Amino acid sequence: MSTPGVLSPLEKEKHLAAAAALRWVRDGMLIGLGTGSTAAYFITELGAAVRAGQLRVQATATSLASETLAREAGIPLVEPRRGLRFDLTVDGADEIDSQLRLVKGGGGALLREKVIATASDYLLIIADSSKAVPQLGRFPLPLEVVPFALPWVMDATAALGGAPVLRRDKHNPAQLAHSDQGNLLVDCHFEQLTEPEQLAGQLQAIPGVVDHGLFLGLARAALVAHGEQVLVLRAGADAAPAEAFAALP
Ligand SMILES: O=C[C@H](O)[C@H](O)[C@H](O)COP(=O)(O)O
């Protein structure tokens, strides 16, 4: 594991979870690379292992930012094509509940992330301790929206109780945020998502919503760091230390 400079406690946890995910990687794998600050630690760690000749892998990234990082890290990249399936995708999350249901898209990459997660045999989530929640919903639920449809999507999500807010560019708040596809991002504040499956269906049915940040039934395991310890969470199983796993469980 590489040792980055001085990190805050949460950044340390992200790095620990990301480094632990390397134990899930096998030589020759095709890997999906997630997006966000936690996934970035994984891409850097994976790149270091590839450069050191410890692993031979190929990968596809879930955002232009992760693609650039992967290229710089020396990870060979493959373009999307028919029949492509990923052995493993490693990605971050904004919220994870005990059933491994996720809220994702805080970085705006939810669509490509869901495409790659769905094309993966194993989605492994890596996260700091703040991401594990008893109930989804405190983190605003992101939607990727076709620009033309925006007014009606705002109306429809408000009617569902989502208190929608159009996302602004975090570096330049005078501008709107856009996804890598050039679509808009809307953050819905439901506060508590008691029926995420039902809500996912309702959101998907709104014309102009390209996708939403609920990832249901996709994650196989999550590595969540608590201080110095990384726990493996799997739906319906007790949390276990990451060191207990030597292969894809
Ligand atoms: O669109 C971004 C992704 O879903 C990220 O994986 C998510 O926002 C978590 O990001 P971070 O690791 O920076 O907290």
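Every residue gets a Cβ built from N, Cα and C, even glycine.
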Matching residue for the substrate site, where TrEMBL names T35, G36, S37, T38, D91, G92, A93, D94, K104, G105, G106, G107 - out of K12, K131: K131
Contacting binding-site residues, sequence order - T35, S37, K131 vs ligand 1, Cβ under 6 Å: T35, S37
Distance from E113 (active site, proton acceptor) back to K131 (substrate binding site), taken between C-alpha atoms, in Å: 17
Non-site residues, in chain order, whose CB comes within 8 A of the mean position of the CB atoms of T35, G36, S37, T38, D91, G92, A93, D94, K104, G105, G106, G107, K131 at substrate: G34, A39, A109, E113
List of residues, in chain order, with Cβ under 8 A from that of G106 (substrate binding site) and at least 6 apart: G36, D94, F139, P142, G213
Neighbour-count leader, CB within 10 A, binding-site residues: T35, S37: T35
